[in-house]
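These features come from TrEMBL:
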- Asp102: active site, proton acceptor (ACT_SITE)
- Asp281: active site, nucleophile (ACT_SITE)
- Asp102, Ser103, Gly104, Gly105, Phe106, Asp156, Gln202, Gly231: substrate binding site (BINDING)
- Cys319, Cys321, Cys324, His350: Zn(2+) binding site (BINDING)
- 23-382: domain 'tRNA-guanine(15) transglycosylase-like' (DOMAIN)
- 262-268: region 'RNA binding' (REGION)
- 286-290: region 'RNA binding' (REGION)
Amino acid sequence: MVSALSRSRVPMQFEVIAKCHTTKARVSRMSLVHGVTMLPTFMPVATQAAIKGLTAQQMEALGVTLILNNTYHLNLRPGLNVLNAAGGAHKFQGWDGNLLTDSGGFQLVSLSKFTTITEEGALFSSPFTGEPTMLTPEESISIQHTIGADIIMQLDDVVSSLTTGSRVEEAMERSVRWLDRCILQHEKSGKKGAQNLFAIVQGGLDPLLRDRCLDAMIERRDGVAGYAIGGLSGGEEKDVFWRIIKQCADKLPEERPRYSMGIGFAEDLLVCVALGVDMADCVFPTRTARFGVALTHNGPINLKLNKHAKDFRTIDENCPCPTCKDRTSRAMLHHIVTHETAAAHAITLHNIVFQAQVMGRAREAIIAGKFPDYLRSFFAQYFGDAGYPEWCINALRSVGVDLLEGKPNAKVILGNGAKWEYATN
């Protein structure tokens, strides 16, 4: 157990311990105030200081070491007075692992009808009370200091990835200026030793703007502990998405963690890892669980479909999650899914373990020097006869892995190629 005194003074330690000899994938050890997180990793999202349907103790029992809270939402509810009285978000939610907070920048897009952007900051109208709230870079950092997260994010000016024109350049340049204000506020606070500020690279889908942002933010490397790639996963073509990820990962400093924001599909995670990304987060595995979809190494299973009504197998016979170990059948889950909260709970447990398995096996394969083999076997099993997404083939070929090697008759799917069960029976 780390003492409260030592916790207040321990900076982040980041060490690359293994690299793939073919791709840009790597395994790293990130030591933060609340413990060690091995990278690459997936962060489950606890927006309101809770993973929907699970307790902090259950998350810890699953082996999760890093989760995400949202600054904007925690500032509104329960508010800083409550968090201060509780001693920070860790104590408030009963979580003793590592914690990352989003700055609230994403809400500039998701709650845009409530928001006005100025150089000073973002003026929000509370969706609960209608009261105006100005979120400045300084205020975002101060809120995150009160929350007490181990990793805190700069406030950035976020626009939809589908936005074009001068607004994209404006947002990118403002994000750089806001980073300067975040760095200054963080350094003035005296909390730099315990909380670690990450910059967020913006620039939309324009490689030239991305390069300008990368250059500017790398110049500020002494003021940040890591970098995130933001402004993606907003509906852009996947063949554009991976090229922006690669451009950023190739240029970002080797000695800093790289975080791709809003990435949750298994194929996206592994492509990003191969391109050099260390961290990712998304609501996808927990949100999709509440709609009755279980994630497996053979692709997602829609448990609402009638074909599961008499299927007494577990979701995955080889899965170590509590739902599968307890032999909860697909038939039982089909019976209660979307009707009883127990189903959402059971599938959420499974999906979080699935995400951890995908990334854990990636780490093991990188260390063993077998990551390209892992990619080939995972994609073959996951997509099977449905066909390989063309964008995944292109992305992995860019780092020396050909998913079609030895498969002259393999089916290739154009576009995003996501595998999903849409049938109604």
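Cβ atoms are placed via backbone N, Cα and C, with glycine included.
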Review point. What's the longest C-alpha separation between any two of Asp102, Ser103, Gly104, Gly105, Phe106, Asp156, Gln202, Gly231, the listed substrate-binding residues, in angstrom?
Key: 15
Review point. Quick one, of the active-site residues Asp102, Asp281, which Cβ has the fewest other Cβ within 10 Å?
Key: Asp281
Point to revise | Cβ within 8 Å of the mean position of the Cβ atoms of Cys319, Cys321, Cys324, His350: remaining residues of the chain near Zn(2+) | key: Thr314, Ile315, Asp316, Pro320, Pro322, Thr323, Lys325, Leu349, Val353, Phe354
Check your understanding: How many Å lie between the Cα of Phe106 (substrate binding site) and the Cα of the residue listed as 'active site, nucleophile'?
Key -> 13
Revision key, fill the gap. Model confidence for the region 'RNA binding' (262-268), as mean pLDDT, reads 97
Point to revise | Between Cys324 (Zn(2+) binding site) and Ser103 (substrate binding site), the C-alpha gap once rounded to whole angstrom | key: 36
Review point. Far apart in sequence but close in space: which same-chain residues, 6 or more away, have a Cβ under 8 Å from Ser103 (substrate binding site)?
Key: Thr71, Ser140, Ile141, Gln144, Ile152, Met153, Gln154, Leu155, Asp156, Ile200
Study note, to complete from the structure: Quick note, His350 (Zn(2+) binding site) and Asp281 (active site, nucleophile): C-alpha atoms separated, nearest Å, by 17
Point to revise | Helix, strand and coil totals (DSSP H, G, I; E, B; other) for the region 'RNA binding' (262-268) | key: 3 helix, 0 strand, 4 coil
